[in-house]
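Have a look at the structure below before the remarks.
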């Protein structure tokens, strides 16, 4: 199953994987949060686990602040900062409900968390302390940072665009252009737009500029669907990760497939082999040479036995990630 | 009848007036000539289908049907083969054809008859819904058939709604006279629904000699297959459509042309409403909805209402899945009451199945409700005060304290325990961070526009693209 360009990480988490994130400046380190209440740091090159730290409850997301500090949050409502050099924990603060997303915005130098308590909180990573709580209309399911803008996807298919430099008001309120629950939002590295996926095998490419001309370019397409016994099985699209150089992106679905898309030519660049179970999270390394793939059952079909959870590291080539002929 | 059949109107293309021998070929022609996307050459099924395709996929508006003769370019009209052709054009065509026939000196006799027959023929299976039926012509004939059948679904007072009733009297033709004696009692149930007045009496006498006419109107029976379905399934909104069509005496005819629905994708809103209600019904017993995927087409709605039936329909499908689905729902259920019942999703349709639980909340929320995770979640108070049990390094106490003391001050970070804003990092503008947005933005907001009320922020365009 795993060829020369791909391998499985050793010492994977003991329960489902919630997020994988590459270190910002090196493709050597990968942060992994899991339902087993741990956050683990892997040395991808050496294929070993460097360290792990514990939360009180399952961890839903994690992010690097800088190469030595990891932030994470989950069902225990706590936001933790962990110093990866000294292995020291700091509880930065809490939400009133589980923390679903943790992101870092380098432009404004602020950590952002989104929670099921219907709020987004900003955190000053230096102090570290809370730097504001911003009520959202619904539970936060996903968020992404595009330059100094924050795109928040909530329950009820709402999408809110905030200006991180001026959080006094919501810059744009949108409704997802997809008919089903929003699953994941990731901003283009070029900061011009974002990609939004839903639980119903569909992905939308959207632009932030509200002008008519730009909005004309938005579109959506179906993916992560399999025909079985004459019935089309439609899977959630759980994960999106952008290639920082080419602005192409990978999507991972509960069908176990990873696709790489060229959003400019509206073409699929490639599809990898089918992974044992749902793709829960994806992360391109900063230089775009590696893709971390978390194959982890997400209970789409209930609490049943399933293939073991695993993280795969795949070397990707330009042929797989670069837009063709443009 | 054989002779007349030949005279039946041949399929023709409304868009270009071309004749076809076969409606199938006509449909192929329309797809290739009139419903083909000029950009990607995808063949759509109807004019509106093409318009929607171009709008959604290529962001282009189509103002007319390609290759259509002037006056027939209306993209809004939902025409598929011979279905959906406006009645006036149908009449027009009929007239023209007749004129031609006359000119050709081909049998001039009983113009009326053939005219009438034409109508009847058109009532044939292929476009029963799309054609008009002069009600007066055949309704009276139909009545005798009706009488013995006390059908509850019958629309009160509309006696042209009768054709649907016929089904119950299959051997009607020859059986006619014998039926007559039975009429009076049989009539009784109908009395209520149908003022027996004008329609009835004239008919009765007419009946016995009228034998041949019923023959001629046999085609009217083509409604039969529909009728039972629509009457029995009256409670299903979707099924009501055909019922209405059948009952309508006039050429009105709303045509639920399937192609457009198919075109719009398998989850056309019209169907989802019906099936979502169904999902709610069957929510606890998931096997039901599992089985349902095996039931083709419109049968889905039906089978759902008669809850028990579908299981048996495709045991092969329903067998393997339920066990899995069942465990899922039973395990997940106990925790559910914690939150208010979330909205449900339509996870199955006739042709597709959404691999997602019924509840419209995220997978993570559902999973967090599992007992094995619930027990790990500390109460909120604990979360604030208690030290993390053993974290590898035990955690850093000062921060811990900070976390709790910070709670009340969350909204005013600047006055928090961590000192003055000036301490903040360069580039990180505390003023702009003010949760109330009162601080003047250091950087002009997006596009340099002054802060607008949130509503105005939503550009009208957003809706333009519509949903996908």
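Cβ from N, Cα, C; glycine included.
On the 0 to 100 pLDDT scale, the repeat 'WD' (A:10-44) averages 92 in this prediction. For A:10-44 (among others), the entry in TrEMBL reads repeat 'WD'.
With a cut-off of 8 Å between Cβ atoms, the residues of this chain six or more beyond the repeat 'WD' (A:92-124) that come close are 24, 57, 60-65, 71-81, 130-145, 147-148, 150, 152, 154, 162, 164-165, 167. Positions annotated as repeat 'WD' by TrEMBL: A:92-124 (among others).
If you look up TrEMBL, you'll see A:237-262 (among others) marked as repeat 'WD'.
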(request) Take the repeat 'WD' (A:237-262) and find every residue of the same chain, 6 or more past its ends, with a Cβ under 8 Å from one of its Cβ atoms. (result) 183-190, 195, 197-199, 201-203, 223-226, 268-272, 274-284, 286-288, 291, 293-295, 298, 300, 316, 318, 320-324
(request) For the repeat 'WD' (A:237-262), jot down how many residues DSSP puts in helix, in strand and in coil. (result) 0 helix, 16 strand, 10 coil
(message) Can you break down the repeat 'WD' (A:10-44) into helix, strand and coil residue counts using DSSP?
(response) 0 helix, 18 strand, 17 coil
(request) Using DSSP, tally how many residues of the repeat 'WD' (A:92-124) sit in helix, strand and coil. (result) 0 helix, 22 strand, 11 coil
